[in-house]
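Report on the structure given below.
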Amino acid sequence: MSAELPRETDNAFLGKSVKGGSHEPTYAGALSFMRRRYSRDLTGIDLAVWGIPFDASVSNRPGARFGPQGVRRASAIFDGDPQYPFEMDPFEVLACVDYGDCVFDYGRNADIPGHIQSQASDILASGAHLFSIGGDHFVTYPLLKAHVAKHGPLALVQFDAHQDTWNDEGDRIDHGTFTGRAVREGLIDPDRSIQIGIRTHAPETCGLEIIHGYEMDELGIGGVTDRIKARVGNGPAYMTFDIDCLDPAFAPGTGTPVSGGLSSREALSVLRGLGSLNFVGGDVVEVAPAYDHADITSIAGASVALTYIGLLAEKRKQAG
Ligand SMILES: [Mn+2]
């Protein structure tokens, strides 16, 4: 006689709770971010994870529209365990759902920023914290608008190989311009904002502080986190993580890779050190699985998301 098997599979659809792990096999079952329940009911929800499968604004390789799928698939590795290095399952303290993906018509590009912003605003109106999975880096611009409408101007903590401050005329849909536009429109306060991992030149900094890729070794992890914390202070902040902040060795699956970047260990350690900041929202963008190998980049993207969520969970636990 065979032993009775637990039937706790497909938590993404059948899960009875928005807390806890699902404990289903990594290699099987319906995928969602960290096996969270898919839901658009945000009653009592602390955190919504949301995909934005948009990549029509890239300057080189397209493919980040598959980023949400890639990160969801990779995240299945981690579900159900205490998450390193936090020594706890964040979903024991945070009620979290996968809100699915942003809805838009790919054939009407000019309408897409408005759709991203308004759907993000709907999520934020529920009181839930929003973490978004891109998509190319343009998506951070409408995401910032939605968060700023709720919180006022924000500090930006931007992990990136590129400054994304290229000129635009105010209406371009371009993944290389969101930071400059956010400064010009007063969405972010450049004096409290900082970019980490930069290793390309843009015409202007728009007033943001920069930690270049080549400065990482000299500063060390503690030196980098100290500079970020000193810059950002205690006010509300937004974290955006362009996966091309990582060296192509650690994130080959992205649209505009640049050599000389951070290792995944360095980047995760820096992010881990930012728990005292007042993050009100975040995203990970530019994961393009078609150029990936063995899911390296998707796993890195899921790890960034999970580290950010770990910081939220730790804060919640400390608050009691
Ligand atoms: Mn970027």
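Every residue, even glycine, has its Cβ placed from backbone N, Cα and C.
Annotated Mn(2+)-binding residues in TrEMBL are Asp160, His162, Asp164, Asp242, Asp244, and among His129, His137, His212 the one listed with them is His137. Those residues of the chain, other than His137, Asp160, His162, Asp164, Asp242, Asp244, with a C-beta within 8 angstroms of the mean position of the Mn(2+) site C-beta atoms are Gln158, Ala161, Gln163, His175, Gly176, Cys245, Thr256, Val285, Glu286.
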